[in-house]
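One structure is given below, encoded as structure tokens.
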Amino acid sequence: MTGKKLLLIGSGGREHALAWKLQQSKNVTEIFAFPGSIGISQLEKVQLVNNNEMNLKDFKGIASWCKINHIDLVIVGPEDPLAEGIADQLKAANIHCFGPSKAGARIESDKSWSKDFMIRHHIPTAQYGSFIDALKAKDFIRNTPNALVVKASGLAAGKGVIVAENIEEACAAVDEILGDHKFGTAGDVVVVEEKLSGQEVSVLGFVDSNSVRILPPAQDHKRLKDNDEGLNTGGMGAYCPCPLISQQELDIVKSQVLQRAVDGLRKENILYNGILYAGIMLTHDGPKTLEFNCRFGDPETQIILPLLDEDLYDLMMASCTNHLCNVPELKFKSNINAVGVVMASKGYPETSTKGCVISGIESVETMDNHIVFHSGTSKNNKDEWITNGGRVLINIALADNLKKAADLATKACDVVKFDGSQYRRDIGKKAFQIHSLTYKESGVNIEAGNSLVGRIKSLSYGTHRSGVVGQIGSFGGLMRLNDIKYINSNGEESNYKDIVLVQGTDGVGTKLKIAESMNVWDTIGIDLVAMCVNDVLCNGAEPIGFLDYIACGHLEVPTVATIVKGIADGCRKANCALIGGETAEMPSMYGKGKYDLAGYCVGITEYDEILPKINDVHVGDVVIGLPSSGIHSNGFSLVNKIFQQTGFKLTDIAEFSDSHKSYGMEFLTPTRLYVSETLPFLRNGYVKALAHITGGGLLENIPRILPNHLSVQIDALTWKLPKVFSWLAAHGNVNANEMLRTFNCGIGMIIIMPRNDIEWETIPEARMIGSITQRDHNGPQVIVKNFKEVLHKEVTHWKKGDAETTSISYKDSGVDITAGNELVDNIKPHAKSTNRKGVIGGLGSFGGLFRINECGTKFEDPMLVLATDGVGTKLKIAQQLGKHDTVGIDLVAMCNNDILCNGAEPLTFLDYFACGKLDVNVATNVVSGIAEGCRQSDSTLLGGETAEMPGMYNPNVYDLAGFSLGVAEHEDILPKKNCLEVGDIIIGFPSNGVHSNGFSLIHKLFELTGYKWTDIAPFSAYGKTFGEEFLEPTKVYVKEISPALKTGYVKALAHITGGGLWDNIPRVLPYNLTAELDAKKINISPVFAWLSLNGNIDKLELLKTFNCGIGMIMIASKEHELEILKSLYGSRASVIGKIIPTKPHGHQVIVRHFATCFERVERLLSIPKKRVGVLISGSGSNLQALIDATKSTNMGMCSEIVFVLSNKAGIFGLERAAKANIPSTVISNKDYATREAFDVALHNELIKHNVEIICLAGFMRILTPCFVNKWKGKLLNIHPSLLPKYKGITAQKDALESGDNESGCTVHFVDENVDTGAIIVQEIVPIFENDTVESLTERIHVAEHIAFPKALRLVASGYVRLNDKCETEWA
């Protein structure tokens, strides 16, 4: 075949793309472009036609030129020549033209005709009217109920469409088009049509007189600015394929829009060979046609053609010759996406700026999978690319997913630079932006949670006893110890004096699986209480308070309310108040209908009544056994394994049941509570020890109360072995020793008493089952005589013939006692590292003991504060990444921050760790984090529970619950609601990121967007992965807030946890007061902006779900503001709002400017960081603070340190720069004859490193006015005083000599004078009575390390600038 010659008419980016694709055809040898462009001329097969050879308006001349030059095909890019009839003239000359006839082009050039055509041929479109009379058009508008779009009927370069917001705008548009003739003759007729709602998609197809071959759908972006704001343009970018249109909808467009159009044109004898472009709106009623275009779209063409896996010339010829029917469905690159971002010149679309030099085009063109198409470029006499139009060029990127392609294309625009360039950073966002996510859609139902709280409050209230203060729903449960009395050994009512608090935590293990299978939940709560209360009892303590933790996949309010009712029943039986709890809905960790429970009990006893009295236990003491009610709550993994292996069903009638109950109902018999019969018995002082027979059975639990040299000998003949145990032994072939090590075997509690004491006989069903003996050297501490024989006899009853079953052990069922013991050994050092005064004993006993009188604070009227929480689905990230060392900090922070909100000092902490298979290393890492959290909050890790529950958790999954106890004086308890008043200030404490709430929503977002935890987080300040950023631990506020609590001026604290700012602040307010916050004073972390953008999360939903940058708020009187802030120096806390009256029916939280500030942070995500240079002369402590801040995502610095310059060699500041991999240099002022010469050298070096902002961090040189003026508004300095006080180098000394009670530091813009520039930020530092210059200086340094990063952030982000009057101006 002879090589084909083509003529391409047009000069823009669309034509560049067409030429680029056509030259890839093996059939094409030459492409003539007219008028073309220099960009198009760079293509190998292209040559430009000289303007002297042709006139674009002279179609006969063009046809003649084609004949002379043997042109095989003419491709017409723009619509104007088609509308004027170029195709007709060429076809008349027997020249193939890819483009419709003049009559066919009318489908675009005459919108009134086009709308009528759609109606005639039943093409789905909007209702409309066409007018030449403005009055009639406006009358139609005023009488139409729908929102409207006003269009100039003719060609208006893509700008003649006005989407009216209201009737007035629509009428004004009519006046502009018909009255002012804004679009010339294109506006002789105006079309007014119904405004359709939905996503707009471009669908193009090759067509001839019969057939359609569809191209992949694309989406154009018409508005100038991000988020579809700004003026209408010809198109600022596009992407393809567009996933917003379904295959079903695309089929409708092909058949009911494009094919009907082709059929209609044929029926009306209109020639149409070319591209038919349909602008489609995806409405609720299906796809509707907005408009037709008669040519390739711009910029859609530029992103569709790189995906086309066909010969474009062949397709065009098939269209021109009516042979499309012979072309199979088109092929495109598989799993490839294309995104194009248009770069426009300054002033576009109203004007264009020409002649600006463009750099970076060649750099982008050399990148893999990048293409640059020129729309409006030229070259100057230096052979440099320059701007030559409104839309200058389009950067195309191809990638295997749309987000990546969009990111690459946008970053390419950062490489290509020219003065005044405009481009959008959100091209393609609509495709991967999911619908507006809510917390409820992620599986967490806040309303259900609130409903549950309402239902269980009465249950909780029914358990209250003396000492209880407040009710469920606050930040902790409160008990007033002075109100708790007991009957002493003399029978007198007495207050506790030397108080020891005994705390225990436990769960109910895989007994939950039985409850789940049977769907019977009313007694499992009793088990939970019994497991904790009985342990506390073993230390001689009276149980007084209880907390529960309930985790589930889906909160079914009736089920959880039933569980809590059981908990309340247990608490009433134990005279132990249910004063709080946590219900954690975690859809990505638990399946629907799946639950886990953990409980915590605190008891109270006198120091000299603590049990066990190990030193008082002697040979001959008697062992009393209290019968169990059945299996209780241990060993159920073995029970479940036996059922799994034998095939019995829980719903079958149990062979061992005397009351014909099913196996499930027998197994669900609740654990026996021993408080009521045992507690009075403890008061006589004869009891030496108690042992609760739980996990580990008789063999493991009794030794916990014995000295090493003694043992217990008990006789199985002294009590009746319940049938359930022999049945289990028989069907699981479990040996006697395994039974004794796994189950209670009928004895739920052991009491050790003196030999001659017979008071135990008053306890119902109590049995003397043995005595204390001398232990054989290294022999067992528990000897159970006759048990093997008793068990064998009972087992025989259940055996069927000679059938033997496989022997099953507890380890076989998935529970490894050895691993559990290894873990205890591993974590003991971690727990010990947290010890503080008051701790008694260590890990491994039945409860954790704490002596209040030794804690370091003397309490007159102590209040106990109890709190519980978990870490939620943040755990899932840790588990997927195998990073377990920080979630323990989260656990402690979530609990101890709540304790703090009551004005209390956290003292002790207990953890609950539940897993499917115990990995000792993982659990050790988790507990090491818990210990670190305890150290950060000065609380002690007093104990915990590790529950290995095969079948309830997958092997690599675990859940955590924490229980914290704090103490405060009664008069210091917060919130002081009665003291709150209008005008009080609200102080905000910055968060450390997301903390530990809202992660179910984050998981849902990741599920929908396809992000991975190992991907680099776009919002990260230091290139960390999503996983690393989201695992940043929750901030512990104890140490920074404690000094403020000691002032006595704090009225309330609110921990911003689940429910966000919206729901947590009202928890500390009376109904008549409202918190008014100012978002301009909150440093909103970039992570929240990223979540908002990518999850399309409504701003109110953000406030209801996340902390949004504030992890704790404090309320105090305005008059005490200075004292409070002085006590908080070094904490980054600041005033963010005030208390105002509540409006009728108003919410109790108002966040002013929230949407505006959030959107600003969202925009900052896509803006390159400001490049910062730091000038130093010394150790560089402020440099280090700036380095640390710019590497912290949560600081949101919008800047990076790219260069450090020193005027002195060998200083420590340079080492800091080197360690941070920041380039540095030394320019000594001694090497220059004048200050001016030195400053010129500084300036040149800073420019060389593209520095945009300079920070003077201890730079001991006075800069010249010339240098300062060059960097005006970009030069920051820090000074160690509250300017304008005490300028110069003796500021600290001056402050002390003046007798001031506060000093501080100031960050300011630098001007020509010393320390006189406009102030940006100040931090207050208190001056103490015995302060010296050195001590004050040291404290000011701490404040500087907060103030300088804060000021840099404000300037780099554009929140603060220096105006023309040299004053600080806030955005």
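Any Cβ shown, glycine's included, is placed from N, Cα and C.
Note that this is a predicted model, so its numbers are computed, not measured.
Take the (6R)-10-formyltetrahydrofolate site that Swiss-Prot assigns to MET1260, ARG1261, ILE1262, LEU1263, ASN1277, ASP1311, GLU1312, ASN1313, VAL1314, ASP1315: the candidate from ARG1235, ARG1353 listed for it is ARG1235.
Checking each of the binding-site residues (GLU291, ASN1182, ASP1311, ASN1313, ALA1343) against LYS195 (ATP binding site), the C-alpha distance stays within 10 Å for none of them. The Cβ of VAL1342 has fewer other Cβ atoms within 10 Å than any other of the binding-site residues LEU196, VAL1342. Among the recorded positions ASN232, HIS1279, ASP1311, the residue whose Cα lies closest in space to that of SER1181 (N(1)-(5-phospho-beta-D-ribosyl)glycinamide binding site) is HIS1279. There are 15 other CB atoms within 10 A of the CB of LYS195 (ATP binding site), with all protein chains counted. ASN232 (ATP binding site) is 16 Å away from GLU291 (Mg(2+) binding site) when you measure Cα to Cα. Of the listed binding-site residues, namely ASN232, ASN1313, the sparsest Cβ surroundings within 10 Å are found at ASN1313. Of all the Cβ atoms in the protein chains shown, 20 others lie within 10 Å of the Cβ of GLU291 (Mg(2+) binding site). DSSP assigns HIS1341 (N(1)-(5-phospho-beta-D-ribosyl)glycinamide binding site) to a helix. The DSSP secondary structure for ASP1315 ((6R)-10-formyltetrahydrofolate binding site) is coil. When the alpha carbons of GLU194 (ATP binding site) and ASN293 (Mg(2+) binding site) are compared, the span between them is 19 angstrom. ARG1235 ((6R)-10-formyltetrahydrofolate binding site) falls within a helical segment according to DSSP. Residue pair GLU200 (ATP binding site) / GLY1180 (N(1)-(5-phospho-beta-D-ribosyl)glycinamide binding site) shows a Cα separation of 55 Å.
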